Amino acid sequence: MAFSDEFKIWVLFICLVSQLGHGFYLPGSYPHKYVVGDTLSVKVNSITSVETEIPFSYYSLPFCKPEEGVKDSAENLGELLVGDRIENSPYRFKMNTNESGIFLCQTKPLSNEEFRLMKKRIDEMYQVNVILDNLPAIRYTKKDDFYLRWTGYPVGIKVQEKYYVFNHLKFTVLVHKYEETNVAGVMGTGDAAEMIPTVGNSGPGIPGYMVVGFEVIPCSFQHNAASVKKLKTYGKYPSGIKCEPTTVAMAINENEPVAFSYEVSFVESDIKWPSRWDAYLKMEGAKVHWFSILNSLMVITFLAGIVLVIFLRTVRRDLTRYEELDKEAQAQMNEELSGWKLVVADVFRAPSNPTLLCVMVGDGVQILGMAVVTILFAALGFMSPASRGTLLTGMLFFYMFLGIAAGYVAVCLWRTIFCGNQKGWVSVAWRVACFFPGIAFLILTTLNFLLWGSHSTGAIPFSLFVVLILLWFCISVPLTLIGGYFGAKAPHIEYPVRTNQIPREIPAQNYPSWLLVLGAGTLPFGTLFIELFFIMSSIWLGRVYYVFGFLFVVLILLVVVCAEVSLVLTYMHLCVEDYKWWWKSFFASGSVAIYIFLYSINYLVFDLKSLNGPVSATLYLGYSLFMVLAIMLATGTVGFLSSFWFVHYLFSSVKLD
């Protein structure tokens, strides 16, 4: 290969990295260039409600269907898992061509079942989600002196015991005009912009448009029965349709049809294509939230710093005082020693249920590694909200491939506990590969039966179940066993002191040690409870979560605080001659999961007050339990590994023979 060719490749690579570093949308969300008259196809997603959290297919209700038939759009694994079902719709626009009074269809007379279903969906406040050029339709409602933003529009509304359907939609499409032969000027950058492909039939120099906004106003309009009979799909309604969102007219009744229509207008906007998601990412009162979060971070960092300084000074003082004694003085003080020095022959005694501990630590390493890598990639812009399902898909694949780390750590810890014995490492690695995924599979299968029974699109299809099981046993399990193999071959950690055959009796304690362990989770919880509110809102209230950079900082802070809390608790237990620190160090930081679960219940009671039905509550609690289990394993692993390092360092720094 010539030097010039290599140079061009490196320039191309650097330009691409530069684009990614500036937060440019990644493959799957390139700008589409349209010229006047190009067809714009609107897609529909599952209808959703914050009152039930159970999504359903758009065509489960008697809406108009496209003439060519209903077709599913290409979906990734993450979209299927979260219940997205993106399908084509009968709505058709022509770029920069305003149209009004476009008739879609008139349904058949509503059967008793369809009528009851429509009323139920209206009572449950279901929202219709439509998409244009990968942008969800956004709706604005005025309250007092400010506007509220919503994605989608309600199926209908109930007024004085009568049910009305929103059967006329007023769409507004915001477009950005440009005439450049490439999109460099529009994208706001001059680096390698000409390499971005455009979609459309326009040639160089022909004026084109990009979709930068999509708004909808739903209306309830009573069509004239005689006029509707003469119209075909996309026909022009003879009289004007006045869209008044504050009034309703189209009441639904059993054995009566419903007519649907729409209008669309195009408005040129100064919004550039990379900024078109800003309307979806804005938060009301953002400054208050940010100041509150920063204040919490400062307080937690200050407290953690004080704890760390005091802790290190205490340990250093003990070590210094002991090492300054000569051998004769040491012998004289042997009977007067107290605290952690007295458990030297028991501190590395194997814990109860060592296999379970190794398995949980291995799974914790895998979950924590997946969280770090996923959040880092999301913070760098690789998992934009414009790419639906990418975040969940990335989490799944990162988790599977990190099975190598899980198997390695679990087997290494197993061999360390049993002083280098390799016997049983296959069983340990196999249990690591099946413990957390098995519990997750059990929880998701139980919840899936509830969704299947409700005929929800949130139910995982049987074919996807088969795919997930194949990914589990064909990728995750083998990688975990490979990691275990390397762990069995790697040198184990040597204990710095010997362990007596007869265990030492632990003195009676003034307070239950597990009470202190459970209370230790409050400090890690304080680092993330505000961020947890935003995450919960994005999951259960349909808001877009996008501050992954800040989430990454919170994750690092959480890891530091978990390590410090566990170190302090371990040292306190050793000082009172309690050498059973293994499990306590794990749950000292892992107990944060208890407070997260309690917070989840609090969120259900006070923030999801409208959530109704036992199925919805069961789904919420089931997914919360799954999340809490993952957090417990990850934070507990941080606490245990940091405590293990500290205990090993502490007893390797002194000579107590």
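Each Cβ is built from the backbone N, Cα and C atoms, and glycine gets one as well.
Listed in TrEMBL for this protein:
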SIGNAL    1-23  signal peptide
TRANSMEM  290-312  transmembrane segment
TRANSMEM  356-384  transmembrane segment
TRANSMEM  396-416  transmembrane segment
TRANSMEM  428-452  transmembrane segment
TRANSMEM  464-488  transmembrane segment
TRANSMEM  514-540  transmembrane segment
TRANSMEM  546-569  transmembrane segment
TRANSMEM  581-605  transmembrane segment
TRANSMEM  625-651  transmembrane segment
Original post:
Sequence gap of 6 or more, Cβ distance under 8 Å, 3 or more pairs: do the transmembrane segment (625-651) and the transmembrane segment (464-488) meet that?
Top reply: no
Original post:
By a Cβ-Cβ criterion of under 8 Å, what residues six or more beyond either terminus of the transmembrane segment (428-452) are in contact with it?
Top reply: 54, 355, 358-360, 362-363, 366-367, 403, 406-407, 410-411, 414, 458-460, 465, 468, 472, 476-477, 480-481, 483-485, 487, 615, 618-619, 622-623, 625-626, 629-630, 633
Original post:
Counting only residues 6+ away from its ends, which parts of the chain sit with a Cβ under 8 Å from the transmembrane segment (464-488)?
Top reply: 77, 80-81, 362, 396, 399-401, 403-412, 414-415, 422, 425-426, 428-430, 432-434, 437, 441, 448
Original post:
Taking residues 6+ outside the transmembrane segment (514-540), which of them lie with a CB under 8 Å of any CB in it?
Top reply: 50, 53, 289, 292-293, 296-297, 299-300, 303-304, 547, 550-551, 554, 557-558, 561-562, 565-566, 568-569, 572, 584, 587-596, 599-600, 603, 607-608, 620, 623, 635
Original post:
Who are the chain neighbours of the transmembrane segment (546-569) in space, where the CB to CB distance is under 8 Å and they lie at least 6 residues beyond its ends?
Top reply: 281, 293, 297, 300-301, 304, 307-308, 311, 368, 371-372, 375-376, 378-379, 383, 385, 516-517, 520-521, 523-524, 527-528, 531, 534-535, 584-586, 588-589, 592, 635, 638-640, 642-643, 646
